[in-house]
Amino acid sequence: MEFSSEANQRIARISAHLYPPNLQNSCLRQAKCRAKGGAAGFKVAILGAAGGIGQPLAMLMKINPLVSVLHLYDVVNTPGVTADISHMDTGAVVRGFLGQPQLENALTGMDLVIIPAGVPRKPGMTRDDLFNINAGIVRTLCEGIAKCCPNATVNLISNPVNSTVPIAAEVFKKAGTYDPKKLLGVTMLDVVRANTFVAEVLGLDPRDVDVPVVGGHAGVTILPLLSQVKPPCSFTQEETEYLTNRIQNGGTEVVEAKAGAGSATLSMAYAAVKFADACLRGLRGDAGVVECAFVASQVTELPFFASKVRLGRQGAEEIFQLGPLNEYERIGLEKAKKELAGSIQKGISFSKK
Ligand SMILES: NC(=O)c1ccc[n+]([C@@H]2O[C@H](COP(=O)([O-])OP(=O)(O)OC[C@H]3O[C@@H](n4cnc5c(N)ncnc54)[C@H](O)[C@@H]3O)[C@@H](O)[C@H]2O)c1
Ligand SMILES: O=C(O)C[C@H](O)C(=O)O
């Protein structure tokens, strides 16, 4: 087979990694066609793309018109997932990368890296029980990001988010590439759940409801600000307690319902795409893109905290204060900060070992 340009040679090399010889020609043909017709847009990598979140997330990002190139990386099964998703007749060019030797190629040139790599919970576990396995996975992947796409925005999904975000920050600091505006822990699922549960109670369409959820992403660190719900409304004490408890335990509700088969994947993929799309609109320069995320923060005395952030060309360009809290929320905030402090410190200590 002859390759006339450097781009074709690259496609052929990738194809040779991913496909048996009889499929390499068709892969090359497809990639060439897509590359020629490829729309202007952002380059996005998903790390952990063959997993329960990764697969539907990859499918939804392939539909996103802001994405021109979609890299799917995992330690297993990416050839199959990539072949499958690449048949969708949408604009993004999809390429698969399998295993650690291909991590650098997966990351080079990316604008946005989304990380759902790592093990999920089983019933009876806390998110912190995932620390021992997921901390090392996140550290390795972030070392790759620091080396190959140090300016990329990172959306970190892997649990425990309250610790993995501090780990990522330490990796980037060590590499000299840390930009706090570009490292975002994904807490969007808490907001998605809060909107849904609050809408149920109010008898509204969830698309018309906006609930800020601040703090972190585990148990009592998930703090819905029900006094700031839009449209403005009020709740009885019983409703407040029911909603706060359901939002804080939404993840556990799914883990128990799945009975050993993992945690939230489909609603998480939806939430991850909603958040990634907001990041891409910010990168494009759209005005007024505001979402909740777990970021480096001065909103409290803790070094990281989830709150509303304005997403722009530089990432989280503005971090909003919490606004007025009622007594119930002030008590919740103190509990959240106490637990968060330990989880953040655990992540930082892991990275300094
Ligand atoms: N932030 C959130 O709101 C939120 C919501 C749901 C799940 N999660 C977390 O997301 C993570 C993934 O959940 P899932 O249900 O998709 O799990 P999963 O086991 O179905 O998929 C994880 C994928 O990661 C891959 N992986 C493992 N090690 C890797 C490595 N070193 N490099 C690249 N890929 C690697 C696995 O091969 C697998 O395909 C879990 O930690 C889970 O707790 C977070
Ligand atoms: O609950 C989990 O373990 C997964 C995730 O963090 C969730 O909130 O669904």
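If you go along the chain as it appears here, the first residue is 1 and each next one adds 1.
Using the three backbone atoms N, Cα and C, a Cβ is placed for every residue, glycine included.
On a predicted model such as this, the values are computed, not experimentally measured, just so you know.
The feature active site, proton acceptor is assigned by TrEMBL to His217. The annotation NAD(+) binding site is assigned in TrEMBL to Gly48, Ala49, Ala50, Gly51, Gly52, Ile53, Gly54, Asp74, Asn134, Ile157, Ser158, Asn159, Met268. Residues annotated as substrate binding site in TrEMBL: Arg121, Arg127, Asn159, Arg193. Feature annotation from TrEMBL assigns domain 'Lactate/malate dehydrogenase N-terminal' to 43-185. Sequence annotations record features per position, and here TrEMBL assigns domain 'Lactate/malate dehydrogenase C-terminal' to 187-350.
What TrEMBL annotates, mapped onto the structure for a quick look.
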residue: Ala50; record: NAD(+) binding site; Cβ contacts under 8 Å, 6 or more apart: Leu72, Asp74, Val76, Asn77, Thr78, Gly80, Val81
residue: Gly52; record: NAD(+) binding site; Cβ contacts under 8 Å, 6 or more apart: Pro120, Gly262, Ser263, Thr265
residue: Gly54; record: NAD(+) binding site; Cβ contacts under 8 Å, 6 or more apart: Ile46, Gly48, Leu72, Asp74, Val81, Pro116, Ala117
residue: Arg121; record: substrate binding site; Cβ contacts under 8 Å, 6 or more apart: Arg127, Asp129, Leu130, Asn159, Gly251, Val255, Gly262, Ser263
residue: Asn134; record: NAD(+) binding site; Cβ contacts under 8 Å, 6 or more apart: Gly118, Val119, Ser158, Asn159, Pro160, Thr164
residue: Arg193; record: substrate binding site; Cβ contacts under 8 Å, 6 or more apart: Arg246, Ile247, Gly250, Ser267
residue: His217; record: active site, proton acceptor; Cβ contacts under 8 Å, 6 or more apart: Arg127, Asn159, Pro160, Val161, Asn162, Gly185, Val186, Thr187, Asp190, Phe294, Ala306
residue: Met268; record: NAD(+) binding site; Cβ contacts under 8 Å, 6 or more apart: Ile53, Leu57, Pro116, Ile157, Leu189
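When secondary structure is read from DSSP and collapsed to three states, Asn134 (NAD(+) binding site) falls in the helix class. Taking Ala50, Gly54, Arg121, Arg127, Ser158, Asn159 as the candidate binding-site residues, the subset whose CB lies under 6 angstroms from any atom of ligand 2 consists of Arg121, Arg127, Asn159. Within 8 Å of the centroid of the Cβ atoms of Arg121, Arg127, Asn159, Arg193, where the record puts substrate, the same chain has further Cβ atoms from Pro120, Pro160, His217, Ala218, Gly251, Thr252, Val255, Ser263, Ala264.
Secondary structure of the domain 'Lactate/malate dehydrogenase N-terminal' (43-185) per DSSP, as helix, strand and coil residue counts: 67 helix, 30 strand, 46 coil. Within the model, the domain 'Lactate/malate dehydrogenase N-terminal' (43-185) shows a mean pLDDT value of 98, rounded to a whole number. Around the Cβ of Arg127 (substrate binding site), the number of neighbouring Cβ atoms within 10 Å comes to 26. Largest Cα to Cα distance within the recorded substrate binders Arg121, Arg127, Asn159, Arg193: about 18 Å as a whole number. Residues Gly48, Ala49, Ala50, Gly51, Gly52, Ile53, Gly54, Asp74, Asn134, Ile157, Ser158, Asn159, Met268, recorded as contacting NAD(+), have a largest CA-CA distance of 18 Å. When Cβ atoms from all protein chains are considered, those within 10 Å of Asn159 (substrate binding site) total 27, not counting its own. By neighbour count, meaning other C-beta atoms within 10 Å, the densest spot among the binding-site residues Gly48, Ser158 is Ser158.
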